[in-house]
Amino acid sequence: MAPMKLYGSTLSWNVTRCVAVLEEAGAEYEIVPLDFSKGEHKAPDHLARNPFGQVPALQDGDLFLWESRAICKYVCRKNKPELLKDGDLKESAMVDVWLEVESNQYTPALNPILFQCLIRPMMFGAPPDEKVVEENLEKLKKVLEVYEARLTKCKYLAGDYISVADLSHVAGTVCLGATPHASVLDAYPHVKAWWTDLMARPSSQKVASLMKPPA
């Protein structure tokens, strides 16, 4: 069977969220770059893959998927179902909870920091809006307090097993490490240990190697 095709840019943490899971699941895939400066993400052929003209999009044979977390779940179901814990009702429910936490709590606090510190200088030649950064750092710290409490009870977010919920944090947190605020994790020893453990995995190292924002 032909490898899956992941369309997008490896500087997008939504794309590399999928890479973390594809790598961890041992899936066969290739990355098909899109040139945003040429509007390739809005071209008809890409709109056929993702009708919103965004990335990522995944092609597996005649199946086209979009939305990064949906892609991640599909890859797990196909290649490594244990990352979803679908065989256990309670464990799979906790995976779902923490994937939702990443989507609705962690990433909304993190994304404005990444935009201000990485995207704004790179794309617009403008300095970060420090007020926006500080406001969202405070939001992120509140989220990390919840993570710290959770990780005192188990090694990973859903339990004592790695899951798609952990892997979904990798790309964004790698980008956090490229900002002046990487040390925010240091105040939370269990979060820091969890992150160190994640970054020792080959899947996370692959993501880090692909995501190299300009200095």
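Cβ coordinates come from backbone N, Cα and C, glycine included.
Among the candidates Ser12, Ser103, the residue that Swiss-Prot names alongside His41, Lys42, Gln54, Val55, Glu67, Ser68 for the glutathione site is Ser12. For Ser68 (glutathione binding site), the number of other Cβ atoms no farther than 10 Å from its own Cβ, over all displayed protein chains, is 27. Within 10 Å of the C-beta of Ser12 (glutathione binding site) we count 18 further C-beta atoms, all protein chains included. Other C-beta atoms found within 10 angstroms of the C-beta of Val55 (glutathione binding site) number 23, with every protein chain shown included. Fewest Cβ neighbours within 10 Å among the binding-site residues His41, Lys42: this applies to Lys42. Annotation note: Gln54 (glutathione binding site) sits in a coil segment as assigned by DSSP.
Long-range neighbours of Gln54 (glutathione binding site) (same chain, six or more residues apart, CB within less than 8 Å of its CB): Asn14, His41, Trp66.
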